[in-house]
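A short worksheet on the structure shown next.
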Amino acid sequence: NFRPSFSENKSGITEEDEIHFTYKELSLTRRITVAVLVTTLTFFLVYDRMAIDGVLLSLQEYFSINDSTTALLQTFQAISSAFFFISIGMIGDRIERKKLVLLSVILWFVLVFLSLIVGQGMFWAYLFLRTCSAFAYAVVSSLGPVIVSDIFQGRARGYCLMALSIAPLVGSLLSMSISSWFLTSGYSWHSAMLVSPAIIAPVTIALLFTMPKHEPTINVNLNERTSVLSLGFIDEIKSLLSIKTFALLVFGATFSNLYQRAMSFWMPTILLYGYMANGSGFYLNLPFPVVMLITLVLGLTALLIGMPLSMWFAESWQQGKGMCTGRAFSRAIPLYVTISPIMYSIISATAITSFVRMYPLYLLCVFLNSLLTGGAAPLTTQIVLDVSPKWNRAAAMAIYNLFVGLADSPSSLIVGSLSDVFRGEATDPLSRYNAFVYALYILLGCNFISAALYGTASVFYPSDLASSQDDDLLSITSDEEAPLLRGALNRRASIVERGLLSRKATLDTTLI
């Protein structure tokens, strides 16, 4: 079992003058193994969600369905994801995390297996099974960052969050390519959908033996003497949204996602129209699939380089370490997150404009965009976890994913509707290209709204961070009147209460 213990020095305060959880049973090797397994699980759950896009033609032939019926797979997936994120938010930390993750993956196995053996006239059964299987993704994507935050701190945690941010992107890119290979090679769509179960099976077994148990956290406040388990979901939402930094980040990420999801959804179509308008000669006589491949590889390479560099710089600046020694800035991380959507807007607007005018400039913009803004996603997740109380992080991630996910459907619809208005009756490729570009220009405003919200969040970040760390300290203090059944934390907390009470008066100044 995975139980917190406290290492107390002579003054009653733990090492490094603060009280932290220390997990003596968990070696560094085991912690790294858990992080790798959780990242791999996230990767292949995303792979499974996206692999179906590469075999749609085979799927349509198998079930004898048209395009509009096929589109229900995406629609119901978005609806179910929102519902499941709400469910995870309601569950929060009330259920032991290891048990919840393993049960959700086992359920996913059952549902995926059943979806692969349904008959040709049973599309609605297939749709139902695929919709329900999204529960595992909701659980892992919500709890994954929380799990690594429990076992890592500081820069190591940042690297883990970076890996968890990259995994869905790489998984979605590879899934469509690999599943398309199955289709063009003459294999059934069933074959393409077997890749994820084949990998997730051993990963799940490994998690069973390596992932530590984490008992549901009991938060007992020194003044109010109330248990977290008495809070309802609505109360938890109110509690989290009362944290100004968290609320502003959630709404900022939602606005930012409107543009980014629309860009990712329509980009292949936009580039195809631009390619058709200019002809292959303008693009070095490269076929369009190669042009797309270059775009993807260039962006992914820049992301893998830029993400760790961006995180290293922001964290070094905030902590006053490395090249920023002696120049610590408490708002460095939220400041980088604030600047990122502005840079993304300017560079991406230049990229889509230059694709039909100056192809080398387009490639440079693709590289710079990922290089300079890649660290925003994991750093935003890091801020969400930092300002949320330890006992409420699972609900915080679920609420964050829920709001950000709500931007998926309207973003593509807005751009599609605006492009229809701009092109009018024109059907030539260049007119269609320009119509999409103008529509994206309008949606760019969402990124500037996002930057304003992020900038406001940076004002409250130091105080909310100190308050969150203060709440984490108070959450492990004992309730003298609480029954022993409330858990081991209450029985262990008395050894640090002296330090908590003496330290409380100076926490705000020492942590900011």
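Note that Cβ sites are derived from N, Cα and C of the backbone, with glycine treated the same way.
The domain 'Major facilitator superfamily (MFS) profile' annotation in TrEMBL covers 34-457.
Within the same chain, residues 59, 73, 77, 105, 108, 112, 130, 133-134, 136-137, 140-141, 144, 147-148, 151-152, 160, 163-164, 167-168, 170-172, 174-176, 178-179, 189, 192-193, 195-197, 199-200, 203-204, 206-207, 210-212 sit at least 6 positions outside the transmembrane segment (32-52) and bring their C-beta atoms closer than 8 Å to a C-beta of that stretch. Taken from TrEMBL, the feature transmembrane segment covers 32-52 (among others).
The annotation transmembrane segment is assigned in TrEMBL to 72-91 (among others).
Using a Cβ-Cβ cut-off under 8 Å and counting only residues 6 or more beyond its ends in the same chain, the transmembrane segment (100-118) has close neighbours at 41, 45, 48, 91, 125-126, 129-130, 132-133, 135-136, 139-140, 143, 147, 190, 193-194, 196-197, 200-201, 204, 207-208, 211. The transmembrane segment annotation in TrEMBL covers 100-118 (among others).
Taken from TrEMBL, the feature transmembrane segment applies to 124-148 (among others). Same-chain residues lying 6+ beyond the ends of the transmembrane segment (124-148) with a Cβ under 8 Å from its Cβ atoms: 34-35, 38-39, 41-42, 45-46, 48-49, 52, 63, 72-73, 76-77, 79-81, 84-85, 87-88, 97, 100-101, 104-105, 107-108, 111-112, 114-115, 118, 157, 160-161, 164, 168, 211, 214, 381, 385, 393-394, 397-398, 401.
Annotation comment: TrEMBL describes 160-183 (among others) as transmembrane segment.
Sequence-distant contacts of the transmembrane segment (189-209), counting only residues of its own chain at least 6 positions beyond either end whose CB sits under 8 Å from a CB of the stretch, comprise 33-34, 37-38, 40-41, 44-45, 47-48, 51-52, 54-55, 58-59, 62, 98, 101-102, 105-106, 108-109, 112-113, 115-116, 178-179, 182-183. Per TrEMBL, transmembrane segment is recorded for 189-209 (among others).
As annotated by TrEMBL, transmembrane segment applies to 265-284 (among others). Same-chain residues lying 6+ beyond the ends of the transmembrane segment (265-284) with a Cβ under 8 Å from its Cβ atoms: 291-292, 295, 352, 355-356, 359, 411-412, 415-416, 428-430, 432-433, 436-437, 440.
Look at TrEMBL and you will find 290-314 (among others) tagged as transmembrane segment.
TrEMBL lists 335-355 (among others) with the feature transmembrane segment.
Within the chain, the transmembrane segment (361-385) has long-range Cβ neighbours (under 8 A, six or more residues past its boundaries) at 145-146, 149, 157-158, 161-162, 164-165, 245-246, 249-250, 253, 294-295, 298-303, 305-311, 314, 333-334, 336-337, 340-341, 343-344, 347-348, 350-351, 354-355, 393, 396-397, 400, 457, 461. Under the heading transmembrane segment, TrEMBL lists 361-385 (among others).
Sequence-distant contacts of the transmembrane segment (397-418) (same chain, six or more residues past either end, CB-CB distance under 8 Å): 75, 78, 81-82, 85-86, 88-89, 92, 138, 141-143, 145-146, 237, 240, 249-251, 253-255, 257-259, 261-262, 265-266, 381, 384-385, 435-436, 438-440, 442-443. Under the heading transmembrane segment, TrEMBL lists 397-418 (among others).
Beyond its flanks by at least six residues, the transmembrane segment (438-461) meets 244-245, 248-249, 251-253, 255-256, 258-259, 262-263, 266, 270, 330-331, 333-335, 337-339, 341-342, 344-345, 349, 352, 383, 387, 411, 414-416, 418-419, 422 of its own chain at Cβ-Cβ distances under 8 Å. Per TrEMBL, transmembrane segment is recorded for 438-461 (among others).
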Practice prompt. Give me the stretch from 72-91, 290-314, 335-355 with the greatest number of Cβ pairs under 8 Å to the transmembrane segment (160-183).
Written response: 290-314
Discussion item. Suppose you look only at the domain 'Major facilitator superfamily (MFS) profile' (34-457); what would the mean pLDDT be?
Written reply: 85
